[in-house]
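Chemist: Before we start, here is the structure in question, set down as structure tokens.
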Amino acid sequence: MDNGHGYEEFELLEDGSLGECSTQVANATFLTISKLICLVVAFKFIKHIPISTTVRVYVHVFASTFTVMWFSRNHLQSAIIYNMFSLISLALAIKQFSGYIILAGNISLLIALQNFCRHYRSEDYFLSIRGILMIHIMRLTTVAFNLEKANSNKFRFVQFSSYVEYIYFPPFIIFGPYLSFEQFFKMRDKKWTGSENELGFIIQSLLAIFNAITLAIISSCHFEFFEPSSQFMEDALTAMSFRFSHYFVCLSTQAFVLMLGSDVVVANPLNIEFSRSTLQTVSEWNKPFHTFLHENIFKRRLFNSTACNVFFTFAVSSLLHGLDFQMTITLLALGFIAYSETVFRKRLSARYSMCVAAKACPVRSNSLSCKHRHSNKTGRALIINLFFLMLSMYHLVFTGMTFTDDYSAIGYPFDHAWKIWGSHYYSSFMISFLFLALSKII
């Protein structure tokens, strides 16, 4: 789960009437997206031009550096920091250092930068560049693991240039998304598919952008749309605002991916809002980010215990945001909630032969491959799955209601999340402990 990109610039526009707020947010978001669309169109055109590898590499590096300067504060400083991460990581990767060492080194650099900014009271600058660096670190780590897997002492320019192209791809520098090395080159090498198909991609992209801007307006102007009648409603609206700002980023990047001819799915808001389980919520929140963590952290199984591997994966996810207690405690809470629910539902499914596990039985050959006595369509399974769907919706409120506007521009204090969760009697944690206890009894 991740919302690493700054959204503070739009949250400042909430005051005033609904019409004024909506207009200001729509203009601000469209201005940001239109710049990125220009980059997408430019590089869609460039990829069809037969230029040499050397020229292509220089174009990518120059344009990416310019993009970082264009979208961030302290333009030159941001470009230097961005390229410093690249130079150090690539130098270590070429020397066959482990991907884990490079990931740990980049996280250490990120935390050092955060402390430096904090010392000079520039926390807002760090928050503005954090999302860019997080995606950058993920790509650098992917390159490091690829080089480690290749295990070759002979490093040719053609191979090096392919990694540089992957790391320095301007349309994905600001909002992402993260693509694996294979996904990126599948997208880059895709041929022109004809006017009708390309027009279809453009229409889908424009629809995604329209939905993204609509959700951005609701996220920033939610108290103009809805008047909370209780504290719970206010908490639910705060959590909704956090989610919808995340959907704005995801749908925008989905539009860019579609324009460039890739079929990678970034996120489907409906699969998050109405998820079968908290496990599905986590995996659907940002699918490329989840893929990175699953492939490079969880599947490598540094520990014998599944629980330890789950919490280690969520810990790495939180550290990619820097030392952010609010994000760390939220991600670890989600990990604990998802783990306890998954264990309980797995036990419940096996004990009573019901299709109620956190993941639905797979569909093969257009038919449900379910060997349970009580399938998804039976009454008791439907009721139990509906209960967990509603519980997942509550967990979204519980974990998202801590992201209030009070400290969003400078970072949240240590006890902020605990105080807000205390107003709900730590209910999601209590439910999770109950699930763990019941899974031992059943």
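For all residues, glycine too, the Cβ spot is worked out from N, Cα and C.
For reference, Swiss-Prot lists these features for the protein:
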type     : residues : note
ACT_SITE : His321   : active site
TRANSMEM : 26-46    : transmembrane segment
TRANSMEM : 51-71    : transmembrane segment
TRANSMEM : 84-104   : transmembrane segment
TRANSMEM : 125-145  : transmembrane segment
TRANSMEM : 157-177  : transmembrane segment
TRANSMEM : 199-219  : transmembrane segment
TRANSMEM : 247-267  : transmembrane segment
TRANSMEM : 319-339  : transmembrane segment
TRANSMEM : 381-401  : transmembrane segment
TRANSMEM : 418-438  : transmembrane segment
Chemist: With a cut-off of 8 Å between Cβ atoms, can you find at least three pairs linking the transmembrane segment (247-267) to the transmembrane segment (418-438)? Only pairs 6 or more residues apart in sequence count.
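Modeler: Output no: the transmembrane segment (247-267) is apart from the transmembrane segment (418-438).
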Chemist: Are the transmembrane segment (84-104) and the transmembrane segment (319-339) close enough that 3 or more Cβ pairs fall under 8 Å, when only pairs 6 or more apart in sequence count?
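Modeler: Output no: the transmembrane segment (319-339) is apart from the transmembrane segment (84-104).
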Chemist: Out of 84-104, 125-145, 157-177, 381-401, 418-438, which stretch touches the transmembrane segment (51-71) the most, going by CB pairs under 8 Å?
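Modeler: Of the candidates 84-104, 125-145, 157-177, 381-401, 418-438, 157-177 scores highest.
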Chemist: Is it true that the transmembrane segment (157-177) and the transmembrane segment (84-104) have 3 or more CB pairs under 8 Å, sequence gap of 6 or more?
Modeler: yes
Chemist: Take the transmembrane segment (418-438) and find every residue of the same chain, 6 or more past its ends, with a Cβ under 8 Å from one of its Cβ atoms.
Modeler: 231, 235, 329, 333, 336-337, 340-341, 343-344, 347, 391, 394-395, 398-399, 401-402, 404
Chemist: Residues sitting near the transmembrane segment (381-401): Cβ under 8 Å, six or more positions beyond its termini, same chain?
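Modeler: Distant Cβ neighbours of the transmembrane segment (381-401) are 232, 235-236, 238-240, 242-243, 272-278, 280-281, 330, 333-334, 337, 341, 345, 348, 354-356, 372, 374-375, 420-421, 424, 427-428, 431.
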Chemist: Which sequence positions outside the transmembrane segment (84-104), separated from its termini by at least 6 residues, show Cβ-Cβ distances below 8 Å to it?
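Modeler: Distant contacts of the transmembrane segment (84-104): 133, 136-137, 140-141, 143-145, 147-148, 151, 153, 155, 160, 163-164, 167-168, 296, 316.
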